[in-house]
Amino acid sequence: MAVYFDHRIEAPESNGVPSQLTWHSALPVLAVASSSPTTGGIVDLYLQQGEYVENCHLERPYQPTVLRWHPTKPVLALGWENGEVVLLTHPAGDQTVLPSTHAACITLLEWSSSGSRLVTGDQTGALAVWKVDARGRLQGNHLVKHEYNKPLTCCIFRPASPGDDVAMLARASVSGDESALDMFSWKGAPLKMGPQEGLTFYVSTVDGKVHSVDEHCKTSLLLSVEGEIKKLLYLEKRELLAVITETMMLSQYTLGPEGGAQEVMKVKLSSKTGLNVDIIWTENGLLITATGEQVIRLWDLDGDDNYVLPLDETLGFEKGEMMNCVSYCAGKEILAAGTSHGRIAMWKMVVQPGGSRGDTKAQWKLQTPTEIEGNVIQLQWGSSLNLLAANNSNTVLILSEHVMSAHFSQQVAAVQLTPTQLSITQFTTGAHLTLQSDIHIKGVCVTNDSVTVWSGKQVTVYELSGTVLRNTGTRLKALAPVHFENLYTVEPNRVQIRTPQGTVKQLLTFSKSEGNPVLLSVCQSYLVVGTDTAHIRVFDLSRRDAKAHCSAKNLADQIANLGALRSVKCNANGSQVSILISQVNGRPDHKVYFYDVEMDTVTHFDFFVGRPSSGILQREESEKHQFQGTELSSRCPVFHFWDESEPRLFVCETVPISSESASTSFLDAVDVLVVTLFCTQEHGLLLHDCYPKSSGLQALLALDVPYYYFSCKHLEKLRAGSAQFPHMVSRRALRDFVGLENCEKATRDAMVNFSFYLTIGDMDEAFKSIKLIKSKAVWENMARMCVKTRRLDVARVCLGNMGNARAAKALKEAEAEPEPEAQVAMLAIQLGMLDDAEKLYKCCQRYDLLNNFYQASGQWQQALETAENHDRIHLRTTYYNYAKYLESTGDKTLALTYYEHSDTHRVEVPRMLQDDTSSLEIYVNKMKDKNIYKWWAQYLESQSDMDSALRFYECAQDYLSLVRVHCYMGNIQKASEIANDTGDRAASYHLARHYEGHDDIKQAVHFYTRAQAYNNAIRLCKENGLDDQLMNLALLSNAEDMMEAACYYEEKGTHMDRAVALFHKAGYVSKALELAFATQQFSALQLIAEDLNEYSDPALLARCSDFFITHSQYEKAVELLVAAKKYHQALELCVTQSLTITEELAERMTVTDSKDLSEEARKELLERIADCCMRQGNYHLATKKYTQAGNKPKAMRALLKSGDTEKIVFFANVCRQKELFIMAANYLQSLDWRKNPEILKTIIGFYTKGRAPDLLAGFYEACAQVEIDDYQNYEKALDALTEAFKCLSKAKDSSTGQQEVRLADLQHRVTLIKKFVHARRLYTEDADEAVRLCEALLEEPELDPAVRIGDAFGFLVEHHCQQGNFQVVTIIFV
C-alpha cells in the first residue's frame, strides 16, 4: 500500500495565482506560470520537493500563455501574450529570446521528438519553425514562416517510422541469417538506426482546417472539419490522425503516402456542453476526458468501446463532487483526476489473469483519495520519478508516491497509516498505539522500548514505555536501523553507530571499491550492510563494539547480470545472508540468493522454475513430495525475512512475474504466495511450506515462530477528523503450529526440529525430536502437517498417538485408491481440513470422490456443478441424493424437481406425496406418465374405487390390470374385447386362465395362443383331443413342445406325416427319417434331405443318397455323398451320369484336413476331379485342381486348352518352371505375335527363362523368314538370323552332328543375306558395282530361301528400267 507525500512549492510571496504548470519529461523540474495583478506574469522552476530555483525566475508585465519543455534538455520554451518567445535554461537561468517573429499572443509551442525543431504559432495564424542544436541552443533565425491568417490551436509531430533494431539484426546475424549480415556490410546502404526523429507535423486553425508541414517545411492543406479544433492526436499503432472539435466531435483519418487524408470514422463524444474539457491520450489507445461531471469518460479507440469511471462515496468522496481535470501516468499505470472538493482520485489499472490492458472498466481499481485544499483545476504527472503536480487555484503541490513503511521486531510492529502517522502494536501486551510525527515518515524501525522514524533527511527517536510514546529529542540526518541501545546511520563510505541521543560511538568504514552503504538490516546480534557496488558485509553486534563477522563479499563476481542490490537480510546466528537483486535492465530478478558466510558460497532458489539451484543437495523422494502440486513457477520474490530466533527458517513473499515490474503493483496483486524454506549447510534449500496470502492482508512483515506477521489492508476507511484507526497488523500461525500458538518454548523447538527432519525425510530424527511430547493437540497438529507434506506413514503414527481409531480405519480403507492425493484427502477430511481435501481431490481429478465429499459436507451446489461438469456418470445419483436431502428438510417442491432430474420420480414422488392425496392427484394428472398413472390406479384399486382405477389403468395402457379388474367385476365380454383389440400377451394369458377355470376350452386355447403361451394351449388340445389345432400350435411353439406333439401323434398312430414333420422341425432328423422310411413317406424324405449337411450323421447321409439314386435324383445324391465325405463315389456318380461338376461342388470335394485322406489319396482325388473337369471342358477349374494336386504341367495344358493368354502368361511367371515356360512360349507362337510386340517379348523371355536356346533360335529363324516373305526387310531378317546363330551356338548338342549342320546352314544364309544387303546399300554410291554383286549372288547355289530369287531379279529389273535398258529387262524376264 502506498501514500503520497505532498510538498507545497516554495513560491515567493509576490507570486500570484498559478495558472499553468508543466513537468520536464525526464528531470524532476516543474515549471509554474502565475499571474499577479501588480507584477504581471511570472514563471518559476521548482524541484521535486517544491524547492525554489532562484536563478530561473522570469517576470514580464504581460501574461505567459504557453509552456513547453525540451524533450531531453533542461530547456523551457515560454510563449507570452505579446508574441515574445523565450528559452529558459535550468539550472543556470540563461534566457534566450527568439528573434521577433510574432506580433500577437503565442497560442502554440511544440518540440519535435528529439528536440531539433521548435514550432511557434500565434493568434494571427503566423507559424515559424526553428532549428535547435544538440545542446538545446537556438541556431540562427527561423527556417520558415507560414501565414495561415487564422488563430492556430493545436500542433502535433508525426512519429517517424521505426528504424531497424540493431540488437535484433545482430542476433540474427550470429545465428546465420545472411540477409541480416548483409545489412551490416559496408557494401550495402547505410544502416538506418532507430528511433529516427519525425519532422513532419500537423497544425490546426480555429476555422477547423488541418495543415500538414513536411520535413522540408512545405505546407499543404490536409483536411477540414466543422468547428474549432480542440485536440489533435496521432494513433501510432494504426497510423491514424484523430481530430476533436469544440463540440466534442471525434473524427479519425488515415494518412496516405502522398499527403492526403481519408475519413474512416466520425462519432460524437458524450460530455457536458459549455464547460472546459480536459482531454488526455494514453499509449494503450484510451481517450480520457473530464468535463466537470461526477464521472470521467473513457473511449477505447482500438477496441471501439467506451465506459465511465465514477467516484465511490464509501472511499471518502462526497456526493456531488465534480472532476475537473485528469492525468495519466504510464509508468505506474495510474489515472488521476482532480475534484472540486480538493481531492485527487486515483484509479489503478489491474490486469486480470489472461486479460489485456485497457479493455474493460473492471480493470480500473479506485484507490483511497489524497486530500489537498481548494478546487483542483490542473493535474500533471511528470519526470522519471513519476511525480504528480496539482494546481488547486491557490498554490501548486507536488505529490510523490511512497510505499507505506512497516517494521516488526521483538514482538512490536509499526505500520504507517498516513504520511505522518504510525500504528504501533505490542503483541506481548496487546496494546495499540498511534504515533503522530512532525516529519514525513519514509522509514521506521522498532524495538521493544523505542520507535525510530526517518524522513530521508532527519531521524527522530521515540521512547516506548508501556502505552506511552515520548520523543527523546534525537534528530539526525540519516537512515537509522536500531539494535538495543544503538542507532546505525549511513553516510558516504561509512556506517555510524550512535547512541539514542545521537552521539557517535563507532565508525564502520567502507573502501572505495566496496562502495557506499545503501542497505542495512539487523537480526538478533548481527548487522548486514549492502553497498551500491553489490558488496555485502556482516558485523557481530553482541559485544560492546561492532566487529566484522566476515570479510566483504563482492556479489557481482558470483551473480551474473547483477544490476543492484534490492534488499539484504541475515539470519539469527549470522551464518546466512539472503539477497534480492535487480538485473542490469532494472527488472527485479526472480531468484533469492543465499550467501553462506562460513563456506563463502552463493546459492539461489529460482522462483521462475520453482526449484533451488542445481548444486543444492536434495533427496529425490523429498523433492517429489515438496514440489508436487506447488505453484512456484513464473514468480518473483518481493519481500524476504529470516525467523528472529530460528536460524534455519526463511520466508519469502512472491508474486507472478507479470506483477513485479510496476513499483507498487505487487502490493495489490491477488495471486501472492508465501513460501517458507529451510536453509542449512548440510541440506541446502528445502521447501517447507507454500500457501496463498489471503486478500485482507497487505504485505509480509516478519517471521517469528509460531507466527507470520502481516500488515493489513484498511478494514475501515479513515475520515477527516477521525481519531480511531484500524489495527494494521495481523498474524497467522505457521502450518506446523496451528492449534499450538501458545505452547512453551521446548514444544516449539521440538516442533521446528520435527518439521525440519520431516522435510529432509529423516523419520528417525523426526520422531526422536518429539518422543517426549504427550499432548494430543501436538500430535493432531503434526497429523495436519502430514496433509501438507503428504506423509501418510507419519500420519498413521500421529493418529495412533491421538487414539483416533475412526480416522485410522478411514485412512486404511483409502489405501485402495490408486492416487496418493486421494488417500491424503481422506486424512484431511478426518482431521477437519476440508479445504485441503477439496484441493487434493481436484489435483488428482478424482471428481467422483470430490462429488461424494461435497454431498457429505452439505455443499450441494458444488456437488451438482461437479457432477454436471466432470462426474456425469454419477449425475443422476447426485440428483437423487440431493432430492432425498431436500425431502428431509421439508422442501418437497424442489425435491420433486430433482427426483424428476434423477428419473426416479415415478416411484419416489408418489411415495413422498402419499400422505397428501390431493397434491398427488394433481401431480399425476400433470405428469401424464404411464408409470405414475399405474401407481395411482393401483392406489385407487386398493381403495375399492374400481371405476376410477379402470380409467387410470386405461390412461396407463395397463391392459393386464384392465382385464384383471373386469374379470373380477364379471365383465368377461369387455375383458375379451380388450385382449383381442390390444393383443396384450399378459392380458390374454390372464383371460385364458379365467376361461380355463370356467371350462371354456375353446376360448382358453384361443387366448393362450394370443398370449403365445403355446405349451398351455398344446396341453389343453392333447387333453381334449383337438388334434387339428395341435399341429398348428406345435409349429408355433418351441422344439420341446414340437417333440411332445410328435410323440403324441406317433403314439396315436394317426397323422404320421404330422409326426415326421414335427420331429424334423424340432431338429430330431434321424427320428424323422426313421419314421419316414418306416412309413414310406417319400415327400417328407425329400424335405428332410434338403436340411442335411456335412455335420449330419454319415450313415444317415449314405442311406439318403441311396434313396435318391434309386429314385434317379443323382444331383441330390452327389451332394449327400460329398457331405458324407464319400468323394470317390460322388465322383464316380458324376462320371457315370455325366453330371456337371460346378466350382462349388469341386471345392466341397477338395479335402483340406489330412485326417480324412492321406496326402497321396488327396492328390489322386484332386487329379480325378481335374480330369473330369477336362472332359467336361471346364479348363479353368481343371487348372485349379491340377495346381492344388501339385501337377503343374497338366495345369498348364488345361490352361492352354482354355486359350486364356493372360492367365497362361501369369501362371507361367508364377510357377517359374522351365517346362511351363517352354509350353507357354510354344502356345504364344500360335498367336499373331507379328502384330503384338508384347507377345513377341514374352515369347523371347519365356524361351530364355526356359533355357531352350535351340527353340529360341528356331523362333528367331521364323521371325527372319517373316521379315523376308512379308516385308522384304532383309536388314531385320539379318539381325534375327544373327540372334538365332548366337542362341544356337549356346545350345548343347544332344544329337550327333545335327547342331553343326544347322549352324553351318545358318551361317550360309547369313552370308548370302549380308551380300544382298550390301549390294542394296552400295547402289546409291556405285550402281554398277551393286549390279555386278547382285548378278554374282544369283550365281550362288542354294540362294533361295536365304534370298528370294525374285527379290534379286527385282533389284536388277528396277536398275535397268531406271537406265532405260528395257531390252535387258526383257532378257531377264525371258
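Cβ from N, Cα, C; glycine included.
TrEMBL assigns the feature coiled coil to one of the listed ranges (144-171, 592-619, 732-759, 1264-1291), namely 1264-1291. Long-range neighbours of the repeat 'WD' (99-140) within the same chain, counting only residues 6 or more positions beyond its ends whose Cβ lies under 8 Å from a Cβ of the stretch, are 65-75, 77-85, 87, 89, 146-157, 159-160, 195, 197-199, 201, 203, 205, 213, 217.
In the predicted model, residues of the coiled coil (1264-1291) average a pLDDT of 74. Under DSSP, residues within the repeat 'WD' (99-140) fall into helix, strand and coil as 0 helix, 20 strand, 22 coil. Broken down by DSSP into helix, strand and coil, the domain 'IF140 C-terminal TPR' (1254-1367) contains 89 helix, 0 strand, 25 coil.
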